[in-house]
Amino acid sequence: MDLYEYQAKELFGRHGIPVPAGRVAATPAEAREIAAELNAPVVIKAQVKTGGRGKAGGIRPAAGPVSAEQEAARVLGMDIKGHVARRVLVEAATVPFEEYYAAFLVDRTEGGFLAMVSGQGGMEIEELAATDPDAIVKLPIDPVTGVDADTARLLAAKSGLPEQAADTLEKLWRVLVEEDALLVEVNPLICTTDQHIVALDGKVTLDDNAYFRHAWEYAERTDSLEDRARAKGLNYVKLDGRVGVIGNGAGLVMSTLDVVAASRSEAISRAAPANFLDIGGGASAQVMADGLEIILADPDVRSVLVNVFGGITACDAVANGIVTALELLGERGHARPIVVRLDGNNAEVGRRILSEARHPAVRQVSTMDGAAETAARLAAGA
Amino acid sequence: MAIFLTKDSRVLVQGMTGAEGTRHTSRMLAAGTDVVAGVTPGKGGRSVDFGERTVPVFGSVAEAMAETGADVSVVFVPPRFTGGAVEEAVAAGVPLCVVITEGVPVHDAVRFRALANGRTRIIGPNCPGLISPGQSSAGIIPADITSAGRIGLVSKSGTLTYQLMYELRDLGFSTAVGIGGDPVVGTTHIDCLRAFQDDPGTDAIVMIGEIGGDAEERAAAFIAEHVTKPVVAYVAGFTAPEGKTMGHAGAIVSGSSGTAQAKKEALEAVGVRVGRTPSETARLMRSALSEGVPSSGGAAGAERPERGKAAAYGDRARLTE
């Protein structure tokens with residue numbers, strides 16, 4: 001999970017990393033209050049989980065409380081690359097003397113940790129990596145021994161950061177380890193004219209698998225289908241097509257989406273997948289019913305494709321699950337066509353169970369490719 | 001033959017007395033696996049009756065290995081205890097540790113991977129394990145959907161593994177390895193490709209990838225340099241939007257990196273045929289095998305063609321005929 005800048009900076013503050021004085025505001029009036037408390041020129045920063053805020057006009061200076069209110073009114077509600085700014089961070093304006101880049105991250109390629117530090121900060125790191133790759137110092141970090149004071153000093157020296165930045169680097173490493181982060185990035189990390197190191201921005205990605213050992217309260221609960229699915233323990237991602245997809249296993253569901261998308265032709269050009277939904281291994285009747293309920297609650301869905309491979313759970317059990325799920329759904333299960341493909345263990349028995357149930361919305365296709373095509377055609381009304 | 005797991009493997013199950021552990025130990029036994037021990041801290045001295053066999057439970061991995069000669073551990077413990085369980089197995093020096101558990105914190109995986117440091121092969125976490133059909137199964141891959149044969153399979157995804165195993169059940173498999181869908185895993189596509197290339201019991205390889213990271217791209221470079229056996233591939237996630245985790249913790253397109261398209265192109269550039277659907281991938285494997293495969297045990301090594309990354313699959317087939 002990505003954190004907002006203000007959340008990342010709260011974390012930094014708790015770990016003793018200097019950040020500018022400031023607070024988050026949800027209304028222009030709050031922004032005005034915060035600016036008045038700070039009693040200094042401020043910067044209003046859109047809180048969105050995407051880059052390029054500055055270029056989009058999401059970062060605005062304000063000389064005092066009155067202009068802070070005006071600027072916050074402009075930034076709040078701003079749409080930056082599809083991310084709407086619902087909050088702004090109101091911060092004391094801090095002037096950099098020098099700008100650096102510092103990050104610690106999980107390196108998927110090597111299966112370890114990596115430090116990336118550069119004496120040139122401020123611009124996008126991808127841009128710097130493309131234009132001047134030698135300006136970024138990359139150092140693999142031993143997962144067992146980690147970053148101590150000596151390693152931090154070495155990192156600072158190698159990348160041309162002042163000596164006093166070493167302490168901040170060591171603390172950023174501790175954020176990565178102690179908070180179970182996959183990424184801790186500061187761009188820019190700055191040195192002020194009076195030689196103080198300050199984290200002027202912050203990006204932190206936390207590991208969703210590590211919730212159990214933290215008291216994180218970052219989840220934003222909304223009424224979206226994704227959150228409703230999550231509340232039922234389902235793995236659901238909303239997409240923009242019309243074929244609702246439900247299956248068992250993340251790989252198989254991803255594959256099903258691809259096969260649906262690939263079966264598009266001129267006549268059925270709008271039959272893209274409407275969602276990703278993985279109901280996992282067991283596919284019990286209740287889980288199947290919950291999954292179908294979420295998918296049928298999406299008004300964009302015109303047809304549903306249930307793609308199940310009977311591996312550990314045999315297809316007769318899966319078929320019984322589908323039949324019971326449709327009983328649980330009652331009338332709601334009749335609204336749109338449901339194409340079912342069952343394959344694997346006991347596939348024939350499973351198909352017979354579904355045939356004998358004679359549910360009017362259900363039709364069976366025995367292959368994955370054929371079922372995807374049928375669901376796509378039905379969604380297009382072709 | 002097979003890779004990593006054979007009929008001689010002696011398997012212990014960490015977490016055997018838990019519900020999942022018991023259920024899948026029973027299945028592993030039915031698949032022919034020589035399950036010799038269970039490990040549950042604090043429950044040493046007990047045993048679990050599986051009908052045909054009663055399996056003793058030990059309090060530690062070291063004790064179980066010393067008493068039974070176990071050389072494979074399969075881990076079925078909940079996420080919060082998985083890191084500790086794998087570190088214990090590594091410290092005990094078990095040669096192969098298969099981590100089935102989903103939801104293991106990435107930091108724990110990085111740590112046990114570093115501690116294993118080449119002495120223990122870790123497979124997973126968040127994987128279905130591996131199976132050498134007719135010989136042994138370590139994990140949760142269903143044993144009755146396929147048969148023993150000469151195809152090797154390596155995959156990030158469990159159900160796509162099952163799908164391909166089922167579609168090619170008449171030809172059969174030497175070993176199928178589910179390496180897991182997490183961002184950091186113990187065994188990579190490359191480790192399996194190398195082992196299959198060296199395995200005289202494997203004639204051809206199916207490789208299944210999905211969005212996220214660059215493992216498939218690196219596997220492509222490895223294939224170009226080191227693999228002479230036919231490889232067909234499948235990549236899932238062409239329709240995945242940027243920045244969304246698609247079920248598996250590691251299945252995420254970040255910015256422009258980790259896309260299915262880039263992986264497909266990298267594989268095709270080195271002559272690997274990539275199916276558009278799982279079924280087409282199975283058909284590609286059938287035609288790769290019927291076109292004449294380098295005979296195992298000699299020709300592949302002896303006539304390994306000199307070629308760069310761009311060598312076409314067709315060239316390879318002709319050179320090895």
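Residue 1 is the first one shown; counting continues down the chain.
Cβ from N, Cα, C; glycine included.
Copied from TrEMBL, the annotated features are:
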DOMAIN    A:9-220  domain 'ATP-grasp'
BINDING   A:K45, A:G52, A:R53, A:G54, A:E91, A:T94, A:E99  ATP binding site
BINDING   A:N187, A:D201  Mg(2+) binding site
BINDING   A:N248, A:G311, A:I312, A:T313  substrate binding site
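Positions of TrEMBL features highlighted on the structure.
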residue: A:R53; record: ATP binding site; Cβ within 10 Å: 21
residue: A:G54; record: ATP binding site; Cβ within 10 Å: 13
residue: A:E91; record: ATP binding site; Cβ within 10 Å: 25
residue: A:T94; record: ATP binding site; Cβ within 10 Å: 18
residue: A:E99; record: ATP binding site; Cβ within 10 Å: 17
residue: A:D201; record: Mg(2+) binding site; Cβ within 10 Å: 21
residue: A:N248; record: substrate binding site; Cβ within 10 Å: 28
residue: A:G311; record: substrate binding site; Cβ within 10 Å: 27
residue: A:I312; record: substrate binding site; Cβ within 10 Å: 22
residue: A:T313; record: substrate binding site; Cβ within 10 Å: 21
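In this structure, the C-alpha atom of A:E99 (ATP binding site) lies 48 angstrom from that of A:N248 (substrate binding site). The 10 Å shell around the Cβ of A:N187 (Mg(2+) binding site) contains 22 further Cβ atoms across the protein chains shown. Annotation: no binding-site residues among A:K45, A:G52, A:G54 have CA atoms within 10 angstroms of the CA of A:N248 (substrate binding site).
Checking the binding-site residues A:K45, A:E99, A:N248, A:G311, A:I312 against chain B with a Cβ-Cβ cut-off under 8 Å leaves A:N248, A:G311, A:I312, in sequence order. In sequence order, A:E5, A:R53, A:G58, A:I59, A:V75, A:V88, A:L89, A:V90, A:E91 are the residues near A:K45 (ATP binding site), counting only same-chain partners six or more apart with C-beta under 8 A. The binding residues for substrate are recorded as A:N248, A:G311, A:I312, A:T313; their greatest pairwise CA distance is 11 Å.
Cα of A:T313 (substrate binding site) to Cα of A:G52 (ATP binding site): a distance of 47 Å. Taking A:N187, A:D201, A:G311, A:I312 as the binding-site residues under consideration, the smallest Cα distance to A:T94 (ATP binding site) is found for A:D201.
Over all protein chains present, the Cβ of A:G52 (ATP binding site) has 11 other Cβ atoms lying within 10 Å. Comparing A:D201 (Mg(2+) binding site) with A:G311 (substrate binding site), their Cα atoms are 48 Å apart once rounded.
Considering only the residues assigned to ATP binding, A:K45, A:G52, A:R53, A:G54, A:E91, A:T94, A:E99, the longest pairwise Cα distance works out to 20 Å. DSSP assigns A:N187 (Mg(2+) binding site) to a strand.
Here the Cα atom of A:N187 (Mg(2+) binding site) is found 48 Å from that of A:I312 (substrate binding site). Taking the C-alpha positions, the distance from A:G311 (substrate binding site) to A:G54 (ATP binding site) comes to 51 Å.
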